[in-house]
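Engineer: As annotated by TrEMBL, domain 'Amino acid transporter transmembrane' applies to 1-375. Residues annotated as transmembrane segment in TrEMBL: 20-43, 76-95, 115-132, 144-166, 178-198, 210-233, 253-281, 293-313, 319-339, 359-379.
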Amino acid sequence: FQGIFVLGLPYALLHSGYSGLFLIILAAALCCYTGKILIACLYEENEDGQLIRVRDTYEDIANACCKKLSPKLGGIFVNVTQVMELIMTCILYVVVSGNLLSHSFPYVPVTEKTWSVIAFVTLLPCVFIKTLKIVSKLSQLCSLVHFIIILVVMIYCLTQIHRWSWAKFRLSVEFEDFLVSVGVIIFSYTSQIFLPTLEGNMKNPGEFRCMLNWTHFFACVLKTTFALTAFLTWGEETKEVITDNLPSFLQTLVNLCLLTKALLSYPLPFFAATEIVYACISRGNHSNYRSPLFALGVRGSFLLLTLLMAMFIPHFALLMGLTGSVTGAAMTFLLPSLFHLKLKWKKLSFLEKCADITVFILGFLCSIAGIVCSIKGLLEVFR
């Protein structure tokens, strides 16, 4: 919940004003709700009325919903969406790495794209990662670095409290800028693809709903506090990556910490995406697809893809908004509500049905509008 993309939230407030604060809270509530109904789809009642876990993954839920059309259709769609989101996340890490290096060493005559290539070179060993053991150790270091970064930014903002002014907030906002902000905020909360595995590995799965409530509550409080203090400090000067606003003596230090965090964060979504693709390809009886060399080729291809995409779309906030609008909205709002209605329709109350339909409609409208506005923004940048 508190990943590197939290750094884009102050910029989202710049373009959404007071409504952005409401959106951060609303997104937390909606994401918490869809997380609960997604997990509910894993269970069915037995003859004694007890809930039994009959499905294990997001893919299983999708297949159960689409089994009349095709036994594998739902799973294929979910896997494609998951891979898109994970690869987009990897691309964002490469983009932000180039941005951080560029601002850390402005006196070096190197373009931001070149810095992205330099950062990419350090990621090449990812093609040799075969298990989650290495990824988990890297993620542990990543979490430590993240808290140091947030602490430094917050402390600096608090020292500038004399500059704070609520007048910096907009009462009216541009509709298109607002929709891009919606995508950014949604993307900062997305976690649904990991929830079935998380719930299945809990010592006491009965505490899942309580855990989800508390984690979303604290995530909401931390996101709101961080975004608010940063925006009140810099106002209209707020940049896409908030650390670019820090004074030079802090900026280089924090940017290097962020670079470390971005590079340490990259292996997890990369590993997850390549494992999904490799599993889908090698699911048949084709022995050629099970060879270590083929797995290496899949990982190498994905690694190269993230670099090429990062080179062509080097805009952190716009790319983050597009990702949130496309895959984030689908995995977080559209599919959980649709699957819940499909699998539990006869057992849902009228209010529960209304809630699911409302979430689906909101997710659909935000997704379509966000896609259009993000693409339009990217086209304007390229022009």
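Our numbering is plain: 1 for the first residue shown, then up by one each step along the chain.
Using the three backbone atoms N, Cα and C, a Cβ is placed for every residue, glycine included.
Nobody curates TrEMBL annotations by hand; they come from automatic prediction.
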Engineer: To the transmembrane segment (253-281), which of 20-43, 115-132, 210-233 is linked by the most Cβ pairs under 8 Å?
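Structural biologist: Most Cβ pairs under 8 Å with the transmembrane segment (253-281) come from 115-132.
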Engineer: Relative to the transmembrane segment (210-233), which of 115-132, 144-166, 178-198, 293-313, 359-379 accounts for the most Cβ pairs at distances under 8 Å?
Structural biologist: 144-166
Engineer: Out of 115-132, 144-166, 178-198, 293-313, what stretch is closest in contact terms to the transmembrane segment (20-43), meaning most Cβ pairs under 8 angstroms?
Structural biologist: 178-198
Engineer: Would you kindly list the residues that approach the transmembrane segment (293-313) from elsewhere in its chain, counting only those six or more residues past its ends and only Cβ-Cβ distances under 8 Å?
Structural biologist: 87, 90-91, 94-95, 98, 113, 116-117, 120, 123-124, 126-130, 270, 273-274, 277-278, 281-282, 319, 378
